[in-house]
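As written in Swiss-Prot, here are the features:
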- H114: active site, proton acceptor (ACT_SITE)
- E53, N167, N223, D268, N269: Ca(2+) 1 binding site (BINDING)
- D54, I116, D168: Ca(2+) 2 binding site (BINDING)
- C42-C352: disulfide bond (DISULFID)
- N29: N-linked glycosylation site (CARBOHYD)
- N254: N-linked glycosylation site (CARBOHYD)
- N269: N-linked glycosylation site (CARBOHYD)
- N323: N-linked glycosylation site (CARBOHYD)
Amino acid sequence: MGKVLAAALVGIAAALAAERLLAFRNRLNATREVDPVALPNCYLIKGIETGSEDIDILPNGLAFISSGLKYPGLKSFAPDKPGEIFLMDLNEKKPKASELRISRGFDVGSFNPHGISTYIDKDDTVYLFVVNHPHQKSTVELFKFMEDDNSLVHLKTIRHDLLTSVNDVVAVGPDSFYATNDHYFYDFILMFLEMYLGLTWSNVVYYSPKEVKEVAAGFYSANGINISPDKKYIYIADILDHNVHVMEKHADWNLTHVKTLQLDTLADNLSVDPDTGDIWTGCHPNGMKLFYDDPDNPPASEVLRIQNILAEQPTVTRVYAENGSVLQGTSVATVYDGKLLIGTVFHRALYCEL
């Protein structure tokens, strides 16, 4: 009887493990291959070789690009090199990327930038919020952009017990923001178990100097976050659930769910066209390939444009897609005046004219 019970328990455990493995592979779109969609007027941006994980463009056409992310389980082409913030002026005929100098007093050696967001104050001061992972921790660094000498002045480092595994931020004030925690754990082994078991413990946090609170929860992995042009709605990409959530923002900064748009790909960062309200997102057609270091089968790239997301049937257009021969692991796409920038987690960046 004891042997029968033991065999039954082993069988149940094996069945559960197999079911979790299948669900894990489905969340990563492990079998999907991408059909190419080409854009004719594109070139790789010189100088960006180790990632362009997030991009934010000011209304005047200046684009900030975070580069050099080292993230648990993912490839890095320069694991010992500190991260950087690049600047591009999209008003130029052939825009180039240049590294922004960071003021003294900031630990550049441990700089590991992830998601970014800009905020323009009433006096036209430009603030840059940068998710940072020094020594595999999570902070949000607040900088002031000095356009006259293309530099960043570090103002402060923001830490909090609710900011545990920050992926992206969207600024809503000169020192306040919404942030996504893409996992409950930050330790790589526990993070992997969280993903494998399909735990929905990821969340969104509102931060200000006066108040810090959880405002949304129940995500597999809350990733990119952004705000509508009218400031009424917050958009959140759940990368492992293949969808984008629309949340209504209230006067007390709480969020309530409005709708969810389901996709067939892993949407990473979200960018919003301030003129049209369209959402642009860099996506991973097959997330499993991100974790493999296979030069013969690299992670592919995909860019989606979402129009009228509040409508009953939004329009979703695949603007760009390719198998990784040009760009590996697209994480962001954003537009300005007919120009498209496409960034990646750890690879190159692409400039296109639409």
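Glycine too: its Cβ is placed from the backbone N, Cα and C atoms.
N29 (N-linked glycosylation site) falls outside any helix or strand according to DSSP and counts as coil. Neighbours of the Ca(2+) 1 site: apart from E53, N167, N223, D268, N269, residues of the same chain with C-beta atoms within 8 angstroms of the site's C-beta centroid are D54, H114, G115, D168, D182, G224, A237, I239, G282, S331, V332, V345. Annotation: D168 are the recorded positions among D54, H114, I116, D168, N254, N323 whose CA atoms are within 10 angstroms of the CA of N223 (Ca(2+) 1 binding site). E53 (Ca(2+) 1 binding site) has H114, I116 nearby among the recorded positions N29, H114, I116, N254, N323, counting only those with a Cα within 10 angstroms of its own Cα.
Shown are the glycosylation sites N254, N323; the one with the most C-beta atoms within 10 angstroms of its own C-beta is N323. C352 (disulfide bond) sits 26 Å from N167 (Ca(2+) 1 binding site), taking the Cα positions as reference. For the binding-site residues N167, N223, N269, the ranking by surrounding Cβ atoms (within 10 Å, all protein chains) places N269 first.
Shown in sequence order, E53, I55, D56, S66, H114, G115, S117, V130, V131, V169, G224, N269, V332 are the same-chain residues outside D54, I116, D168 whose Cβ sits within 8 Å of the Cβ centre of the Ca(2+) 2 site. Remark: of the recorded positions C42, I116, C352, the most isolated position is C42 (fewest other Cβ atoms within 10 Å of its Cβ). In sequence order, N223, G224, A237, I239, T281, G282, C283, H284, T330, S331, V332, V345 are the residues near D268 (Ca(2+) 1 binding site), counting only same-chain partners six or more apart with C-beta under 8 A.
Here N323 (N-linked glycosylation site) is positioned 16 angstrom away from C42 (disulfide bond), judged by their C-alpha atoms.
For the recorded site, E53 (Ca(2+) 1 binding site), the DSSP three-state label reads coil. Counting other Cβ atoms within 10 Å of each Cβ, the recorded positions N29, E53, D54, D168 show the lowest value at N29. Cα-Cα distances to N269 (Ca(2+) 1 binding site) place D54, D168 within 10 Å, out of the recorded positions N29, D54, D168, N254, N323.
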